[in-house]
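*Asks:* To start, I am sharing the structure in question, which I have written as structure tokens.
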Amino acid sequence: MSEEKTYKRVEQDDPVPELDIKQGPVRPFIVTDPSAELASLRTMVTLKEKLLVACLAVFTAVIRLHGLAWPDSVVFDEVHFGGFASQYIRGTYFMDVHPPLAKMLYAGVASLGGFQGDFDFENIGDSFPSTTPYVLMRFFSASLGALTVILMYMTLRYSGVRMWVALMSAICFAVENSYVTISRYILLDAPLMFFIAAAVYSFKKYEMYPANSLNAYKSLLATGIALGMASSSKWVGLFTVTWVGLLCIWRLWFMIGDLTKSSKSIFKVAFAKLAFLLGVPFALYLVFFYIHFQSLTLDGDGASFFSPEFRSTLKNNKIPQNVVADVGIGSIISLRHLSTMGGYLHSHSHNYPAGSEQQQSTLYPHMDANNDWLLELYNAPGESLTTFQNLTDGTKVRLFHTVTRCRLHSHDHKPPVSESSDWQKEVSCYGYSGFDGDANDDWVVEIDKKNSAPGVAQERVIALDTKFRLRHAMTGCYLFSHEVKLPAWGFEQQEVTCASSGRHDLTLWYVENNSNPLLPEDTKRISYKPASFISKFIESHKKMWHINKNLVEPHVYESQPTSWPFLLRGISYWGENNRNVYLLGNAIVWWAVTAFIGIFGLIVITELFSWQLGKPILKDSKVVNFHVQVIHYLLGFAVHYAPSFLMQRQMFLHHYLPAYYFGILALGHALDIIVSYVFRSKRQMGYAVVITFLAASVYFFKSFSPIIYGTPWTQELCQKSQWLSGWDYNCNTYFSSLEEYKNQTLTKRESQPAATSTVEEITIEGDGPSYEDLMNEDGKKIFKDTEGNELDPEVVKKMLEEEGANILKVEKRAVLE
């Protein structure tokens, strides 16, 4: 029997060929390689289409590039990402929960614009100085936003949508208010969405070619590069990697059933996909982090999140070096907690307000004299030693606080904050001059050999290298700390308790600073070993993950994932001079996507029941392609949306936008099936439906454009636009009429210069100025300790009143508020 070819020629504007189904020895099978003609049907080969795409590009550019210079002050998260660009240019290390690529791109653009990092983007509403190329940085973001629209058009064409429908779908995306808003400012969302769109586009392009062809491999490589760049901008890109991986498994499954494919060719394709779609993204991810570490070489406040080994790779760090190695009785030491960022075992002359009401023992993250402890033998406290005695495993000691002259102490009292925990006891500092202490001051050193450096550090305590536990001799509990903060009375320092259970690593300590008068000057010294690239890479990811999951503080504009598909509320980005910028989606497109997802789900369920009842299913090529492509895109929607329900951190509407992009792609196919199948005998009617939908989308965009561009509006128009109560932009800020704006004088709020700018320093001798005098002066006050760490004014007041602290220096900056 001769083999009959089922593929048939189609019109250029109808790019969905028939499925190529062949009869095998036992069953029919689908030929997975597309027709050689498919690529020509779905790519721009006509002058008309090229001109249409050019017009689309111009239209999109006008929308996104319009008025980028306004607002001329910091908007929303430009506070963070503009500030990070400044840090890159200055080379000062900072901490962020996102990978570095998008931030580095902004820094590169700013550097090309001559930016010296002399503006910190400190507060929303701070006016940009003339030295900050913020328009250029926003232009970069807007350009990526415009290119994303073109990528959507090309993606729809590659997945089988006819030219005119793809064009109108892309225009709907171009006027989607939320995407316009995020692409006009210095935010991570525009680069992220561009890279995700590029990955989707490249993978859909790959599907047009035979699996082992050169064009297919080129498209796979492009997909891998885009996935790497998306993942290197925000971890959301990993969801896109997952989506591509699921589609690869889908296609490989059908390839296994394709009798025209040999096992060798299938393995070759599988290996290529692993290399291009996992290997390339991971390699790029590593490269971008390497550049990140190489660019940020100076120690700064952001580096305080990291280990001493990490910080020792940075210039101007304050990490102790050349520490005396041997620790013994009579040594004055500082004890550092291993597993939290809490810092050093600390005490100060403030008591607990409840419990024993004895002196507080805490963790303090900065170097300070109140971190110093003298090691004493438990049965000879205060005894003068004549020979050096090493601190070994099993030694029973007491820790004498050198500043307040009391000893580390535990007893049967509830801890100050974790009072509901029956496995933790209070740790205090107890004693007074002339008092030798009691048995509740006794602690037994237990060296943790597994976590200590190999060799002598496992036998006796060596500074930095030996990790050990301190067991309370009376109760058997261990000196413990965890990420629980004391209230204001404890200066928000980290709680220290004595734990009879809990995580082992939270009971581990090590000696950082160490001195002993009985050791000779030439005694062996030790320093932190600078972290390798891999160590820094791993540690930075642990910190990113930890900080990200702990972003749980309530926010006035946060929203829950369940509300996102219904656009119940937006986010205020900026508000000044009787104008607002507010993130809100285009309700016409937004709700259409949500409705279509529900309708498509019902259609699929109905079809499955019909098929189960033995009724024939539709085999029309357009319907088949519609189902396949929509399932692909809704799978992308689900992969990007579902993880939001597992996250316990703050969530905002813009977290929905990657999933929403896939929803709009699926909606594009819904519009196409209306034209190509629902109204197949009256296509003009189908096009009329699509044009009506487009017109409604454009109208919504135009009506709500004042909160995109931060332009004048009236109270009446604003109030009429608030369709839902959650659309809570402030209409009272607007004037009653547009005429009033013509007579308005715009005000500017200048910001403080960056930390590197010149300041007038005045050193104050003696006790310095009083807190009250300083607070009564005009201007913003920033208090810092001697290590440069910013302090809360109320904490400063308490320190001045109760600890005898002094104000040593006043830095005066010329600031216009």
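Counting begins at 1 with the first residue displayed.
Using N, Cα and C of the backbone, Cβ positions are placed for all residues, glycine too.
Sequence annotations record features per position, and here Swiss-Prot assigns N-acetylserine to Ser2. Annotated topological domain 'Cytoplasmic' per Swiss-Prot: 2-50, 155-179, 260-273, 606-685, in sequence order, evidence recorded as experimental evidence. According to Swiss-Prot, the feature topological domain 'Lumenal' maps to 71-135, 201-234, 292-584, 711-817. Under the heading domain 'MIR 2', Swiss-Prot lists 388-448. Residues or ranges marked as domain 'MIR 3' by Swiss-Prot on the basis of sequence analysis: 459-514.
What's the neighbourhood like for these features in this structure?
*Replies:* Over the topological domain 'Cytoplasmic' (2-50) the predicted model carries a mean pLDDT of 67.
Sequence-distant contacts of the topological domain 'Cytoplasmic' (155-179) (same chain, six or more residues past either end, CB-CB distance under 8 Å): 12-16, 42-44, 49, 52, 56, 59-60, 63, 145, 148-149, 193, 197, 200-201, 204-205, 207-208, 583-586, 589-590, 625, 629, 632, 653-654, 657, 660, 664-665, 667-669, 671-672, 675-676, 687, 690-691, 693-694, 697-698, 700-701, 704-705, 708.
Outside the topological domain 'Lumenal' (201-234), and at least 6 residues removed from its termini, the chain residues within Cβ reach (under 8 Å) are 32-34, 38-39, 42, 98-102, 151, 154-155, 158-159, 188, 191-192, 195, 240-241, 244, 247, 251, 255, 265, 268-269, 272-273, 276-285, 288-289.
Each residue in the topological domain 'Cytoplasmic' (260-273) gets a DSSP state, and the totals come to 11 helix, 0 strand, 3 coil.
According to DSSP, the domain 'MIR 2' (388-448) comprises 3 helix, 24 strand, 34 coil.
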*Asks:* Hey, which bits of the same chain come close to the topological domain 'Cytoplasmic' (260-273), Cβ under 8 Å, at least six residues off its ends?
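*Replies:* That would be 22, 31-33, 211-212, 217, 220, 248, 252.
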*Asks:* Per DSSP, what is the helix/strand/coil residue tally across the topological domain 'Lumenal' (201-234)?
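*Replies:* Residue counts in helix, strand and coil order: 24 helix, 0 strand, 10 coil.
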